[in-house]
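S.K.: Submitted below is the structure of interest, expressed as structure tokens.
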Amino acid sequence: MFSARQIFAQVQRRGFAASARQSSKVTVLGAAGGIGQPLSLLLKLNPRVTKLALYDIRLAPGVAADIGHINTQSEVRGYDATPSGLADALKGAEIVLIPAGVPRKPGMTRDDLFNTNASIVRDLAKAAADHAPEANILIIANPVNSTVPITAEVFKAKGVYNPKRLFGVTTLDVVRASRFISQIKNTDPANENITVVGGHSGATIVPLLSQSGQNLTGEQLDQYVHRVQFGGDEVVQAKDGAGSATLSMAMAGARFAESLLKAAQGQKNVIEPTFVDSPLYKDQGVEYFASNVELGPNGVEKIHPVGKITDHEQKLLDVCLKDLAGNINKGVKFVKENP
Ligand SMILES: NC(=O)c1ccc[n+]([C@@H]2O[C@H](COP(=O)([O-])OP(=O)(O)OC[C@H]3O[C@@H](n4cnc5c(N)ncnc54)[C@H](O)[C@@H]3O)[C@@H](O)[C@H]2O)c1
Ligand SMILES: O=C(O)C[C@H](O)C(=O)O
């Protein structure tokens, strides 16, 4: 039997443990942009987020003032575009999302963004390595196939690289793959779960329809694969020079952050596709690869292999691996030459 005093002490301890576990600061770098604003809005609506830190080179305090009026409990703060503002935004963060960088215009590939975005991501990664070395870093800025290796190289140079905590956000590819198959099959997209592996640009995006319980053949399959691989271009063309996907990306980024928070708070079997430092194709010179990843309190818990695929999917994967190796090496080389 416990005395009333012992029970009270236990309740106090449990209460503290629960609140400590559930205190989660999430930082968005690039928070005033097309993705940053709706992403910050969705994070404000997430009860797992207790502190939301917004940083941008413009307008972050304004976005924070606006979002901060929403009647959910989390504290929102916008930081000045200064080195100390950036440092304060990062300190204590459990998750750092990086959508900072320029988007595509019609006619551009994601790789065409490299010249501008590589240095933006490198500099933000330096700040994250200095001020939030243990945070989960979620890279949204394109070209993801290169910006993830850039971030890894920066963290390695500062001696704080943890491959389990660096993620390229490829969730949007899976969101699209589910939506597009549901449009063909007239099903509820919420029940469709299409595995997508590889990277996040054109031919490096490989949907594995054969693993989903759905079947397409011939031209219909080719059109489906093409739509998943080039879904981003549909939005770029429709926006006609005003940017790329922002709202669907905000949803995808918020979903990935929510999955990480759930896993950190002890939920089991949380699986998301993501572009990570992966053993799957290292023997072919591909250091990073997106596949389904089980998330846990330490970030990456288990990287799922690609599994059984058709000959057609194998051909897509072969093209993907060749392109990916080039994208990854470009990012690594950039940091070595421009530390
Ligand atoms: N991973 C994906 O699936 C995915 C999907 C859509 C877009 N993207 C990429 O996300 C990036 C952002 O897209 P967007 O539509 O939000 O662009 P945007 O131009 O609307 O917003 C980018 C924001 O980044 C800010 N910024 C620029 N340099 C910065 C710095 N050094 N520090 C902090 N903030 C900085 C800008 O001020 C701007 O507010 C692009 O590179 C785009 O290609 C990725
Ligand atoms: O297409 C783009 O440039 C943005 C993003 O990567 C997307 O897939 O929508």
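Cβ from N, Cα, C; glycine included.
According to TrEMBL, the record shows the following:
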type     : residues                                                                                       : note
DOMAIN   : 25-168                                                                                         : domain 'Lactate/malate dehydrogenase N-terminal'
BINDING  : Gly30, Ala31, Ala32, Gly33, Gly34, Ile35, Gly36, Asp56, Asn117, Ile140, Ala141, Asn142, Met249 : NAD(+) binding site
BINDING  : Arg104, Arg110, Asn142, Arg176                                                                 : substrate binding site
DOMAIN   : 170-335                                                                                        : domain 'Lactate/malate dehydrogenase C-terminal'
ACT_SITE : His200                                                                                         : active site, proton acceptor
S.K.: Grab the pLDDT values for the domain 'Lactate/malate dehydrogenase C-terminal' (170-335) and give me their mean, rounded.
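M.R.: The predicted confidence over the domain 'Lactate/malate dehydrogenase C-terminal' (170-335), as a mean pLDDT, is 97.
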S.K.: Which binding-site residues out of Gly30, Gly34, Arg176 lie by ligand 2, going by a Cβ under 6 Å?
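M.R.: Close enough to ligand 2 is none of the binding-site residues.
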S.K.: Can you tell me how far the Cα of Gly30 (NAD(+) binding site) sits from the Cα of Asn142 (substrate binding site), in Å?
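M.R.: The Cα atom of Gly30 (NAD(+) binding site) is 13 Å away from the Cα atom of Asn142 (substrate binding site).
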S.K.: List the Cα distance (Å, whole number) between Gly36 (NAD(+) binding site) and Arg176 (substrate binding site).
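M.R.: The separation of the Cα atoms works out to 20 Å.
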S.K.: Cα-Cα separation of Ala141 (NAD(+) binding site) and Arg104 (substrate binding site), in Å?
M.R.: 11
S.K.: What is the number of other Cβ atoms found within 10 Å of the Cβ of Asn117 (NAD(+) binding site)?
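M.R.: Its Cβ shell of radius 10 Å holds 22 other Cβ atoms.
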S.K.: Select the most exposed residue of Gly30, Gly34, Gly36, where exposure means the fewest other Cβ atoms within 10 Å, treating these as the binding-site residues.
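M.R.: Result for the binding-site residues Gly30, Gly34, Gly36: minimum number of other Cβ atoms within 10 Å at Gly34.
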S.K.: What is the interatomic distance between the Cα atoms of Arg176 (substrate binding site) and Met249 (NAD(+) binding site), given in whole Å?
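M.R.: Per the Cα atoms, Arg176 (substrate binding site) and Met249 (NAD(+) binding site) stand 10 Å apart.
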